[in-house]
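Undergrad: Would you mind keeping the following structure in view while I ask a few things?
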Amino acid sequence: MKNTPKALSFTVQSQCLKTRARTGLMKLPHYTVKTPVFMPVGTQGTMKGILPDQLEEIDCEIILGNTYHLGNRPGVDVLKKAGGLHKFMGWNRALLTDSGGFQMVSLLKLAEITEEGVKFRSPYDNSEIMLTPEKSIEIQNCIGADIIMQLDDVVQTTFQDYDRIKEATERTSRWLDRCISAHQRPTEQNIFPIVQGLLNADLRKQSAEEHMTKDVNGFAIGGLSGGEAKDDFWPMVSLSTGILDNNRPRYLMGVGLAVDLVVCVALGVDMFDCVFPTRTARFGCALINKGQLNLKQKIYESDLNPIDTDCLCETCKRYTRAYLHCIVSSETVACHLISVHNIYFQMRLMRTMRENIEKGTFPEFVKQFMNEVYPQKTFPSWVVNSLSSVGISLE
C-alpha cells in the first residue's frame, strides 16, 4: 500500500547539549523553513509597511494571515477565484493561518460561544457569522496556507473561573476532532492542534497529552502571552514543550519580544509569531538588542548614526536616526523604513540563535545577550528562573 504523502516533514538538525534549544528544517509545500523561526503577521494578506519582495530580501521564510479577517475581506469567493492567498498576495514562500479563535478574546463583545461554534457580528457590515470548526477549516482550505490552525475555544489568559477554563480546554479537544474530519487537503496543508489550559498545569498537561495522540505534523501552544505575569507564563511554556513530541515542530502563539524569544527557544520552542515588530514601528519605535529607540524623541534630532550600527538592513545602510526622527510623525514612509528594520532585527536574532545552537555556543550566546539587555545585571526573576530550569545560570 502506498504511503500518503505528508504536507510537512521536520528534521532536527542540531540540539543544544544543555538546554532544549534545537535547530530544524521544516519542509512545507511552498518553502523549506529553518527553525527556530519568527513569523511576521500579515493579517489581511499584507504586511503593514512592507512589500512581499522586501520580505524575501530580509530572508523571511514564512508569514501569518488571519482566517477571520480574510474570510470577511476579500472573502472566500475572491480567494477561490485568485487560486488561494499565495497567488492573491504575490507571496511564494510559506504561509500559516490562524483559525479565528483569537477573535473570541479580542472581539468578545461580538461573540456568542457554544458547542457548535462562535457566533460573530461582523465589524465590517454588522452581519451575523457562525464560525464553526468545519467552517474555519473550509475557509483555511480555500486560503491554502501551508499550516492551518484548528479552531479553539479561547479564554482570556488571566481568567480565573476554573469551570470555564476546563470547558474551553476540553471543547478545544473536541473541536480538533471536528477540524481533522473536515480537512479536505491533508496532503497540501497541515492542521496544528492548539494546546490550551491557560495557567492550570493539570489542564494544560491533559490538553498536550490528548493532542499528542492525533495524527498531526506539529503543535501550537496557545492560551498564553495574554497579560499574565511572566513568572506564570514560562512554566506553562516549559510544561508544554516537555510533553510535546521532539520530532514535530512546536509553535508558541503571540510571542515576539526579543527576551521572550531567547528564553522560549531555550525552553524548546521552534516557531513564533507576533504583530509587535510592525505595530511598534507605526509608533516610531525601532528595535535594538537593548530594547527600543523611540525615534520621536528630541534626542535623535541631530543623531547621524543609523538605528543600529551593526545592522545590515536597507534602512540602517541608508538612513540616520535624525532623518527618521524628522519624518516619523508626518510621513508614512517612516513606518515603512522602521518596519523593514524591525523585521530584519527579528530575522537576524533568530539566525544568530540558530548559528549558536549549531556551533554548540547557545548558552554562551544567551548569557551575552542578557548581559547586553540588562547591563546592570538586574535580570528579571522570571528570566533567571526559566533559564536556570534548562541549565543556564546568569548569576
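If you go along the chain as it appears here, the first residue is 1 and each next one adds 1.
Note that Cβ sites are derived from N, Cα and C of the backbone, with glycine treated the same way.
Remember, predicted model here, so these are calculated numbers, not experimental data.
Among the features that TrEMBL reports, active site, proton acceptor is placed at ASP98. Look at TrEMBL and you will find ASP273 tagged as active site, nucleophile. TrEMBL lists ASP98, SER99, GLY100, GLY101, PHE102, ASP152, GLN196, GLY223 with the feature substrate binding site. Among the features that TrEMBL reports, Zn(2+) binding site is placed at CYS311, CYS313, CYS316, HIS341. Taken from TrEMBL, the feature domain 'tRNA-guanine(15) transglycosylase-like' applies to 19-373. As annotated by TrEMBL, region 'RNA binding' applies to 254-260, 278-282.
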Undergrad: Please identify, among the recorded positions GLN196, ASP273, CYS311, the one with the smallest Cα-Cα distance to ASP98 (active site, proton acceptor).
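TA: Closest recorded candidate to ASP98 (active site, proton acceptor) by Cα: ASP273.
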Undergrad: Say you check the Cα of ASP152 (substrate binding site) against those of the binding-site residues CYS311, CYS313, CYS316, HIS341; which is nearest?
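TA: With Cα distances computed to ASP152 (substrate binding site), the winner among CYS311, CYS313, CYS316, HIS341 is HIS341.
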Undergrad: For the region 'RNA binding' (278-282), how many residues does DSSP put in helix, in strand and in coil?
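TA: With helix first, then strand, then coil, the region 'RNA binding' (278-282) has 4 helix, 0 strand, 1 coil.
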Undergrad: Using DSSP, break the region 'RNA binding' (254-260) down into helix, strand and coil residues and give each count.
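TA: Counts, helix then strand then coil: 3 helix, 0 strand, 4 coil.
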Undergrad: Say you check the Cα of GLY223 (substrate binding site) against those of the recorded positions ASP273, CYS311, CYS313, CYS316, HIS341; which is nearest?
TA: ASP273
Undergrad: If one measures from the C-alpha of CYS313 (Zn(2+) binding site) to the C-alpha of SER99 (substrate binding site), what distance in angstrom results, rounded to a whole number?
TA: 33
Undergrad: Would you mind sorting out which of ASP273, CYS311, CYS316, HIS341 (the recorded positions) have a C-alpha within 10 A of the one on PHE102 (substrate binding site)?
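TA: Checking Cα-Cα distances against PHE102 (substrate binding site), none of the recorded positions falls within 10 Å.
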Undergrad: Provide, as an integer number of angstrom, the distance between the C-alpha atoms of CYS311 (Zn(2+) binding site) and GLY101 (substrate binding site).
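TA: Distance (Cα to Cα, whole Å): 37 Å.
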Undergrad: For the recorded Zn(2+) site, whose residues are CYS311, CYS313, CYS316, HIS341, find every other residue on that chain with a C-beta no more than 8 angstroms from the centre of their C-beta atoms, and list them by sequence position.
TA: PRO306, ILE307, ASP308, LEU312, GLU314, THR315, LYS317, VAL340, TYR344, PHE345
Undergrad: Let me spell it out: for each of the binding-site residues (GLY100, GLY101, GLY223), count the other Cβ atoms within 10 Å of that residue's Cβ, using every protein chain shown. Which one has the most?
TA: GLY223
Undergrad: At a 10 Å cut-off from the C-beta of CYS313 (Zn(2+) binding site), count the other C-beta atoms across all protein chains.
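TA: So the number of other Cβ atoms within 10 Å of CYS313 (Zn(2+) binding site) is 23.
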Undergrad: For PHE102 (substrate binding site), just count the other CB atoms lying within 10 A of its CB, please.
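TA: Other Cβ atoms found within 10 Å: 20.
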Undergrad: What does the structure give for the C-alpha distance between HIS341 (Zn(2+) binding site) and the residue listed as 'active site, nucleophile'? Integer Å is fine.
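TA: Cα-Cα, rounded: 17 Å.
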